[in-house]
Amino acid sequence: MKYLVLALCTYLCSQSGADENAAQGIPLEAQRLTGEPLVAYLRRSQNLFEVNSDPTPDFEQKIMSIKYKHQKLNLMVKEDPDPEVDIPPSYDPRDVWKNCTTFYIRDQANCGSCWAVSTAAAISDRICIASKAEKQVNISATDIMTCCRPQCGDGCEGGWPIEAWKYFIYDGVVSGGEYLTKDVCRPYPIHPCGHHGNDTYYGECRGTAPTPPCKRKCRPGVRKMYRIDKRYGKDAYIVKQSVKAIQSEILKNGPVVASFAVYEDFRHYKSGIYKHTAGELRGYHAVKMIGWGNENNTDFWLIANSWHNDWGEKGYFRIVRGSNDCGIEGTIAAGIVDTESL
């Protein structure tokens, strides 16, 4: 595996919000739209994605601060993709790894922990894939979010996925799961916000949840020892910014973590292929990129969000592929599982 060592400023979107809006030819008046005027503009100016009149609730609490756009790091950037990998026109790992139970949608609740939740989800998938579906474990986003501080970021305020992958190498991460999951070391500590169909209602949420404390022990009543329950990685890197490199990485090793700029129009996404069209920059978000495809001659990435399975397309969304829309292809973080630690 070849890498290029770079000392660089990693960013979640290659340009500022205003610069990207200008670069895409988005009129100034469209950049400033919110609410019903924005919804009306989106419905008449594009046909790639359907729009919700009601915006995503707790939107500001689900995304990261703008300060997580930049970080100075010495990064291992994976060089050219494997030339022997044959890239299919579409790919969905759920169809290939049908026995992997880790391919489900998480719920980060009112906490900007997307960087930890998406990384834990990608690691869980990669463990299943690396073991040929013999090992099924949900990695704890809580362990990453609460204990990888300050090097990874600041818990519910946001963080950097590449640092979470590095934490997986050097500290290891225990088993986890969704809120109140039994028989795991450290399940997610924050309950889902509001009503979600027939799911258990735990209550509403107000503001951004405080980051829970780091506890280097398993929850009471679980017959697991924290240190023994750890799983480890053996490599962490940024994937080269090219469509083929990203596709090759996903095919070979499993889902990756993508970070992108979130604009006001994403708040109203309902279904279809998202492309930034209007609205101001609101923050940044990290998600699990699992595959790709094409619909009506539009290439897209297939992405798992962490806003419950009643958001978007059953918890997933698609975004245009090949144009680095919102910086989605610019900072792809990934890593290799140490199978001996499983």
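Glycine is treated like the rest: Cβ placed from N, Cα and C.
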Partner cysteine of Cys111 (disulphide bond, per Swiss-Prot) from Cys156, Cys185, Cys193: Cys156
Disulphide pairing with Cys128 per Swiss-Prot - partner from Cys100, Cys152, Cys185, Cys193: Cys100
Recorded disulfide partner - Cys147, candidates Cys9, Cys13, Cys214, Cys218, source Swiss-Prot: Cys214
Whichever of Cys148, Cys152, Cys185 is disulfide-bonded to Cys218 when Swiss-Prot is consulted: Cys185
Among Cys114, His285, Asn305, which are recorded as active-site residues, the nearest neighbour of Cys214 (disulfide bond) by Cα: Cys114
Recorded positions compared (Cys100, Cys114, Cys156, Cys185, Cys205) - the one with the fewest other Cβ atoms within 10 Å: Cys205
Closest of Cys111, Cys148, Cys152, His285, Asn296 to Asn305 (active site), Cα positions, recorded positions only: His285
Helix, strand or coil at His285 (active site) [DSSP, three-state]: strand
